[in-house]
Amino acid sequence: MKGPFQDSSSPDISTGTSTSNQPKNDPESGYIPTSSNENVLTNKSFMHLPCGIDSILVRMVMAEAIGTFMLVFCIGGIIGNIQLMGIKDGLMEYAATAGLTVIIIVFTIGSISGAHVNPAVTIAFAMLGPFPWSRVPMYIFGQVLGSVLGTYAGKLVYGVKAEVMMTRPLHGSTSAFWVELIATFIILFLTTSLFSQRQSLQQLSGFIAGVAIFLGVLISGPISGGSMNPARSLGPALVSWRFDYLWIYLVAPTVGAILGVFVYRILRLEGWLCKLDRSQTTDSS
C-alpha cells in the first residue's frame with residue numbers, strides 16, 4: 001500500500017537524551033537542562049507505589065510512553081491530513097511535523113525522563129554513558145507501548161491504516177540501511193555535543209534537536225521513509241502485523257546512535273588529553 005510520499009509511508013524519529021538523575025551537563029548521560037525545575041523527580045509526590053516499586057522509574061517510563069505516543073500520533077495526523085488534502089509529496093510536511101513534535105517532547109518530558117523516545121538513544125547512552133542498563137528494558141517497553149498506542153489513536157482519529165504509517169525502503173534495502181544509520185549518527189553526534197556547550201546553548205537543546213530531526217527526515221525520507229527510531233517503526237508494524245524490512249529500522253538507527261555517541265566521546269577525550277599536555281608543559285616551564 002502506498003504511503004504519503006512516493007510509495008513510502010512516513011517519516012520520523014525521535015531523539016532525545018538521558019535521565020534526570022544523571023550528572024548535570026554530562027554529554028554521555030544526555031541530561032537536558034530545559035527548565036528551572038531540574039529536580040522534578042527528586043521531590044516526593046502523591047504517587048506512592050507498593051512493594052518497593054521505584055515510583056521515579058515508573059514516572060520516567062510513563063513520560064517515555066507519552067512522548068513516543070505524541071510522536072507517532074502526530075505522524076499519523078500528518079499522514080491523514082496529507083491524504084485528505086491530496087498532496088502528492090508530503091516530505092516537507094513530514095519533516096516539519098517531526099521536528100516540531102520533538103521540540104515539544106523535549107521541553108515537556110526532558111526534565112522527567114530525558115526525552116529519549118527512541119530505543120536507539122537509550123541503548124547508546126547505556127553502552128557509552130552512565131545511563132544504567134537496569135532502566136533500559138523499562139524505557140524500551142514504554143517507548144514501544146507509546147508507539148503502539150499512538151498508531152491505534154492515529155487509526156481511530158484520522159482513519160489512517162497502520163500499513164500506511166509503516167516505513168519501507170524506496171530505493172533498495174542497502175540504501176535504506178545506510179541512510180538510516182548515517183542520519184541517526186548525525187543526530188546523536190549533534191545532540192550529544194550540546195551538553196558540552198555553555199549553559200545558554202543547552203537551554204536551546206529542544207530547538208536544536210528539532211532542527212536535527214527536520215534535517216534527518218529530509219535526507220532520509222525519500223530513501224527509507226525517515227524513521228531513525230526503532231520504536232517509531234515497530235509500533236505500526238505490530239499493529240498491522242507486517243514486518244517487511246523491519247530489521248533495517250531496528251538495527252541501522254541503533255548502530256548509528258552508538259557510533260554518534262562513541263565518536264563524540266573520542267573527540268572529547270582527545271581534546272582533554274591536549275589540554276592536559278599543555279598544562280604539563282606550562283608547569284614544567
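Cβ atoms are placed via backbone N, Cα and C, with glycine included.
Listed in TrEMBL for this protein:
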type     : residues : note
COMPBIAS : 1-24     : compositional bias 'Polar residues'
REGION   : 1-34     : region 'Disordered'
TRANSMEM : 56-82    : transmembrane segment
TRANSMEM : 94-115   : transmembrane segment
TRANSMEM : 136-155  : transmembrane segment
TRANSMEM : 175-195  : transmembrane segment
TRANSMEM : 207-225  : transmembrane segment
TRANSMEM : 245-267  : transmembrane segment
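Under the criterion of 3 or more C-beta pairs below 8 Å, with sequence separation of 6 or more, the transmembrane segment (56-82) and the transmembrane segment (136-155) qualify as touching. Three or more CB pairs closer than 8 A are found between the transmembrane segment (245-267) and the transmembrane segment (175-195), so contact between the two stretches is assigned (pairs 6 or more residues apart). Remote same-chain partners of the transmembrane segment (136-155), defined as residues 6 or more beyond its termini with a Cβ less than 8 Å from a stretch Cβ, comprise 57, 60-73, 75-77, 79-80, 113, 116-119, 122-123, 126, 161-162, 165, 231-232, 234-236, 238-239.
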